[in-house]
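**Student:** I am attaching a structure below and will ask some questions about it afterwards.
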Amino acid sequence: MRQYFGDRSQRLCLGLWFLALLPAIHQLAWVHLLLCLVPIALYHTMRQRPFVRWAMMGTVLFIAIGWIVLNGQPWLSAQTIISVLALVLLLKWAESRTARELRLSAMASLVLATLSSLYLYGLLALAYLVSCGILMLLCLLAINDSEHQLSYRQLLKTTLNLSVLALPVTVLLFVTVPRIQGPLWDIGLAIGLPIELAIDQDARDIGLKATLKAGQVSRLKRSDAPVLVAEFSGAVPYKSRLYWRGPVFSDYDGISWTLPDNWNNRGRLLRHSLRGPDAVLNVLTSKRDRVHYEARVSPHSGRWLYSLDLPSGQTPEAFISGDFQLLGIRKISREFKYDVDAWLEYSGGIPLSAEQRSAYLQYPANSNPKLRAFGQQLAQSSPDPQDILHQWRKTLVTGGYQLTEITDIDSARDNLDTFFFERKTGGIEHLASSTALVLRAAGIPTRLISGYRGGSLIALTNFVVVKQEHAHVWVEIWTDEQGWQRVDAKDFVAPPEPEQRLAQSAAAVKAKPQEEAQTPNSSAASSASQSNPNAKKPADSQTTKDRSSDKGWLSRLNLGFETWMLNYNPDRQIELMKKGGLRHVDWKNLAALAVLGLILLALIYGLLLQIGQQKQDPVRRSFEQLNKQMRKRQLACHAQECPSQWLQRIATSQPPFYPALEQIVGQYMTLRYTTSTELLPKRIQQFQRDVKRLIAML
């Protein structure tokens with residue numbers, strides 16, 4: 001049986017379609033825009049004549065797809081998807097003949113609205129999506145009201161009331177439903193999906209190599225190919241404390257860092273390895289924060305297993321090298337699984353030989369003279385390595401340095417001087433290499449470590465997926481008292497900003513050569529003010545301050561929206577739950593909290609509904625009082641039973657009650673279903689008196 005609808009519903013659904021398309025309407029070609037006018041103009045004819053309907057739909061789709069093919073548009077591009085989806089939805093709207101079809105068209109328009117919202121941002125996107133949801137609800141109410149019993153005002157009032165009632169449920173589910181960050185592939189990897197399946201064929205050769213040049217790590221960060229999946233035995237440490245150790249470099253030629261020629265000789269590696277369950281512990285001077293984990297490493301061309309710094313213990317088919325790398329006995333040609341312990345904070349190592357000390361102090365000749373001069377200046381200020389390190393960190397904090405994932409600094413022999421004294425904006429490899437050279441120039445043995453930092457936490461689990469985008473470089477320094485200890489300069493500089501600022505920064509440097517005169521010159525004997533990299537901060541530092549300044553309540557509101565809605569990730573959810581008093585946060589507790597919240601809301605809504613009915617319907621309240629008394633005599637009117645049917649049943653089973661109930665039921669039917677308001681209050685009062693009189697007689 002078909003359920004027809006009115007033109008009002010048709011117009012509202014058309015308005016919903018237009019609102020859903022509005023932010024992305026610029027994606028439609030002019031031909032597609034003209035084709036949209038056809039079903040709008042002929043929708044009456046398309047509904048009444050099947051032949052015209054099918055011919056029109058076929059013609060419109062043929063022209064639309066033909067235009068896409070002739071112009072060579074990619075089939076999976078945003079323009080193609082939005083154009084085809086908009087036309088299909090409009091054709092479905094035009095040919096809808098039943099309420100079910102029109103209802104389907106209205107709900108499908110939300111898919112188009114979701115795609116269009118990608119062209120908006122911040123509060124504007126939220127307001128747009130809320131508007132689309134309210135309009136869709138209005139369309140559904142209008143479709144159900146096919147006889148136009150409700151005016152537009154009543155429809156809108158009902159829609160807003162339903163939206164207000166849905167708001168607490170929406171907030172509850174948004175806050176409590178476990179957040180899953182990252183793609184669904186990550187969940188598959190956590191439950192055992194082979195890592196190779198998540199790596200594109202073109203990305204299989206991407207990874208850390210035996211050489212490290214400027215820009216190499218920055219290019220790696222553009223890939224989201226997984227490197228390893230780790231499962232921790234206990235709580236997952238903060239991601240900032242996770243350092244996954246890869247190649248360890250000591251040789252620098254002014255352009256690139258390289259491993260020794262015989263670094264891949266297995267016999268040599270095994271001879272200098274730290275064998276035995278306590279071999280690593282015996283050479284450490286301090287250690288704390290021990291963790292245990294299992295990891296699966298994706299295949300690559302090297303031996304590195306990218307263990308968590310600092311590995312300890314033993315695992316089959318692998319060993320710990322003299323520089324604390326966890327390496328495979330064989331090259332990792334297939335997925336490799338291991339489990340070891342790790343100390344997140346450590347210091348120590350085998351005492352350096354004269355040859356090793358010389359290698360870790362090596363500074364290439366005729367390369368980056370400004371950094372050499374600055375390091376020597378730090379050494380003259382204090383012979384204590386910790387004081388030198390403190391001065392270096394202070395320089396980074398106050399120098400206005402900026403990390404970026406894209407850099408235009410050439411790979412020349414003085415590229416680190418260019419980064420540190422002129423641009424002050426570069427990749428992590430520039431920052432780490434500058435740190436290593438300055439500390440070497442200051443007389444501190446230093447080596448460069450490449451690997452990964454952090455990872456993607458699978459929400460509410462103890463799994464971490466490390467990807468190429470987490471590639472990182474840091475430094476280790478040697479002191480005779482403590483041994484090797486980690487130094488990460490990234491924690492003392494500004495994080496990456498939007499990449500368009502890089503071009504602005506480079507243009508500012510070229511346009512203002514007078515600023516370069518205020519930076520340190522290349523003379524080793526220059527004055528302290530000239531060799532201090534803090535003499536002039538780049539204009540970007542001031543720009544950052546200006547941008548972060550208060551711009552009014554709208555900016556604060558938008559910031560709060562981005563923080564608590566767009567960026568409401570698993571970490572923020574766990575933080576919020578713990579602040580609310582939930583000690584242990586996992587998916588089970590969150591699901592239980594959501595269910596309890598829904599039950600509580602249902603009870604509150606039921607109570608409010610009951611109170612509202614009692615206030616708004618005195619007739620029904622009086623009838624229920626009578627029915628309660630009849631229930632004691634097993635003669636109650638059932639919920640699914642019409643009062644007239646109930647009266648007939650009473651006449652058959654209990655004839656003595658029929659005369660009195662006939663009058664009451666007649667009054668009740670008249671008051672409940674009449675549209676006349678004449679003398680209505682007096683009728684209600686008379687009905688209430690009659691009900692009370694009858695109850696007293698029972």
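Every residue, even glycine, has its Cβ placed from backbone N, Cα and C.
So TrEMBL says this about it:
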COMPBIAS  517-535  compositional bias 'Low complexity'
DOMAIN    420-491  domain 'Transglutaminase-like'
REGION    497-551  region 'Disordered'
TRANSMEM  16-44  transmembrane segment
TRANSMEM  51-70  transmembrane segment
TRANSMEM  76-94  transmembrane segment
TRANSMEM  125-143  transmembrane segment
TRANSMEM  155-175  transmembrane segment
TRANSMEM  590-611  transmembrane segment
**Student:** Most CB pairs under 8 Å with the transmembrane segment (76-94): which of 16-44, 51-70, 155-175?
**Tutor:** 16-44
**Student:** Could you pull out which residues elsewhere in the chain have a CB under 8 Å from any CB of the transmembrane segment (51-70), counting only those six or more residues past its ends?
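**Tutor:** The answer is 29, 31-32, 35, 38-39, 42, 45, 80, 83-84, 87-88, 91, 94-95.
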**Student:** How many of the residues that make up the domain 'Transglutaminase-like' (420-491) does DSSP mark as helix, as strand and as coil?
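**Tutor:** Secondary-structure composition of the domain 'Transglutaminase-like' (420-491): 24 helix, 31 strand, 17 coil.
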**Student:** Between 0 and 100, where does the mean pLDDT of the domain 'Transglutaminase-like' (420-491) sit?
**Tutor:** 90
